[in-house]
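Novice: Questions regarding the structure given below will be posed in turn.
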Amino acid sequence: TMPSIFSYQSAEVDWCEGNFERSAVIAEYYNTVSVGTSQGQEGAQRLWALLLGDRMTLFSLLTPLNFLVLEGAGSKSWEFHCLQQPALFPAGVFSTYFHMTLSYVGQLLDELSILWSLAAAYSFWYPEVYFPRFIKSRKHFFWLTGVTTVISTLMSFIKPAFNAYALNCIAFHLLYLTWRELKKCDDKRVHRTAAAMVVLWVLAISSWISDRWLCGFWQAINFPYFHSFWHVLIAMSLLYCCPLVIYFDVNYELPSFKPKIRYWPRDSWLVAVPYVALEKPHKQC
């Protein structure tokens, strides 16, 4: 009889960490725990906008699917609200479930939740200046992204083992877009944030590839934990990616707010949390 698609170790892929070595109910203990840790970091990143006198500071430790809604609050003040879209939460839950069970369903849920989160981020945040020529509006781009995502979802069932490679390849397009934007930007803080994002992504993808391709070596020296490092490093890379997305988006959609990248607690610290500070626009009669 065929094994259930929900059964333990029914997935097409298995990572380098040994299975059920530290728990009878958790297949990959450190991979499972590291996903939970990185998702906890993402949850802590969802902070409300702060109104500070004449300046408003939006801490952009936000997931890519947070919406900024601008509302006028009288003639002298403005306020930003963050409407949370918990897009990465399902990805974290499904990734935890996948590494805990190594089930076929867990693998698909993990990968497809990431695919749909990326599709939603592209739909809302992809700059219109980079739309294909045949796309005339954001609504048309929504349809293009939706149809592409549905087709990709159906194709994911054909050979699920290829899904992770395909998803990682999307990062190259995001890096290309970042490079295009940096060519138009002279702000050293923006370049610093992008550099940190790229370094962390390189470390993350190196960990992912090492775990996938050099597993025999890591097992020989009893250190098969690089997929765990991938989870933490990619979450840290998002910590720098999200402020960049918001910074460029505000530049396109709300240029009068003059966004600035800053760091908490201090700009001068080598390791600090980036955020976007928005200057209050001056109303003219």
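Backbone N, Cα and C atoms are what each Cβ position is placed from, and that goes for glycine too.
What TrEMBL shows for this protein is this:
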type     : residues                          : note
BINDING  : Asp14, Trp15, Glu17, Asn19, Glu28 : Ca(2+) binding site
BINDING  : His99, His227, His231             : Zn(2+) binding site
TRANSMEM : 141-158                           : transmembrane segment
TRANSMEM : 164-179                           : transmembrane segment
TRANSMEM : 191-209                           : transmembrane segment
TRANSMEM : 229-250                           : transmembrane segment
Novice: Within 8 Å of the Cβ centroid of the Zn(2+) site residues His99, His227, His231, which other residues of the same chain have their Cβ?
Specialist: Trp15, Glu17, Glu28, Tyr30, Asn31, Thr32, Ser34, Val35, Ser95, Ser228, Trp230
Novice: Might you list, by sequence position, any residue in that chain lying six or more from Asn19 (Ca(2+) binding site) with a Cβ less than 8 Å away from its Cβ?
Specialist: Gln9, Ala27, Glu28, Leu102
Novice: Fill in the CA-CA distance, Asp14 (Ca(2+) binding site) to His231 (Zn(2+) binding site), as an integer in Å.
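Specialist: With the alpha carbons as reference points, the distance is 15 Å.
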Novice: May I ask for the distance between Trp15 (Ca(2+) binding site) and His227 (Zn(2+) binding site), taken between their Cα atoms and rounded to an integer number of Å?
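Specialist: On Cα coordinates alone, these residues lie 7 Å apart.
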Novice: I'd like to confirm something. Which of the binding-site residues, His99, His227, His231, has a Cα closest to the Cα of Glu17 (Ca(2+) binding site)?
Specialist: His227
Novice: Starting from each candidate's C-beta and looking 10 angstroms out, tell me which of the binding-site residues Asp14, Glu17 has the most other C-beta atoms.
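Specialist: Per the Cβ count within 10 Å, the most buried is Glu17.
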Novice: When you measure from the Cβ of His99 (Zn(2+) binding site), which residues in the chain that are at least 6 apart have a Cβ under 8 Å away?
Specialist: Trp15, Ala27, Glu28, Asn31, Thr32, Val35, Gly106
Novice: Between His227, His231, which of the binding-site residues has the fewest other CB atoms within 10 angstroms in the structure shown?
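Specialist: With the binding-site residues His227, His231, fewest surrounding Cβ atoms within 10 Å: His227.
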Novice: Among Trp15, Glu28, the binding-site residues in question, whose Cβ has the most other Cβ atoms within 10 Å in this structure?
Specialist: Glu28
Novice: For the Ca(2+) site given as Asp14, Trp15, Glu17, Asn19, Glu28, which other residues of the same chain have their Cβ within 8 Å of the site's Cβ centre?
Specialist: Cys16, Gly18, Ala27, Asn31, His99, Leu102, Pro224, His227
